[in-house]
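Now, the feature entries from TrEMBL:
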- H9, H11, E99: divalent metal cation 1 binding site (BINDING)
- H135, H159: divalent metal cation 2 binding site (BINDING)
Amino acid sequence: MKVSLIDTHTHLDFPDFDADRAQVLEHCRSLGVQRMVVLGVYQRNWQRLWDLTEANPQLHAAFGLHPVYIDEHQAEHLTQLGDWLTRLKSHPQLCAVGEIGLDYYVDHLDKVRQQEVFEAQLRLASDFNLPALLHVRRSHADVIATLKRYRIKRSGIVHAFAGSREEAREYIKLGFKLGLGGAATWPQALRMHR
């Protein structure tokens, strides 16, 4: 039996892949990765992300405003995000709102503004009946509390989950899947192994 895989978290639109993107896609296909999601992180790259997605049937797009780039995000970007979702809402290659969330690992990022932008994007995910692809670093309690308030229908995925067992249970109760990143393979990641 051949296994078909879906990579739910890529940034293949980044310029780092310009030189070998076609080879990366072919290599992934050869390993059984049939579909890949390319997540948006800032407004200035959404057109590039969509052009790449449209040109490759194995790719699916998620549009969002990543918390690490909070200083770049403008109020009009949320309006533009809604416009993108409206325009593409029936397109089969639009699959989610993301990458969105809260990042408390980077000290200088404005937590209040992150929360406002996160909530606005959760409202869009709910309005368009799309799942949310979440970035969560050192902010699980606030993300879980926010998700409990918003209760989006399609839930989503917590990218590179590295929280506690109880936090995992809370996300699962809310209907979210837990994505595992490379940290799960580290020998010292004992809490995750449990």
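Cβ atoms are placed via backbone N, Cα and C, with glycine included.
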Residue pair H9 (divalent metal cation 1 binding site), H135 (divalent metal cation 2 binding site) - Cα distance, angstrom, rounded: 10
Neighbour tally for H159 (divalent metal cation 2 binding site), based on other Cβ positions within 10 Å of its Cβ: 21
Site of maximum Cβ density within 10 Å, from binding-site residues H11, E99, H135: E99
Secondary-structure category, per DSSP, in which H159 (divalent metal cation 2 binding site) falls: coil
H159 (divalent metal cation 2 binding site) and E99 (divalent metal cation 1 binding site), distance between Cα atoms, whole Å: 9
Between H11 (divalent metal cation 1 binding site) and H135 (divalent metal cation 2 binding site), the C-alpha gap once rounded to whole angstrom: 13
CB contacts for H9 (divalent metal cation 1 binding site) [other CB atoms within 10 A, all chains]: 18
Residues flanking the divalent metal cation 1 site, with Cβ no more than 8 Å from the Cβ centroid of H9, H11, E99 and excluding those residues themselves: T10, V37, V38, L39, V41, A62, G98, L133, H135, H159
In three-state DSSP terms, the structure that E99 (divalent metal cation 1 binding site) belongs to: strand
Secondary structure at H11 (divalent metal cation 1 binding site), reduced by DSSP to three states: coil
Local backbone state of H135 (divalent metal cation 2 binding site), from DSSP in three classes: strand
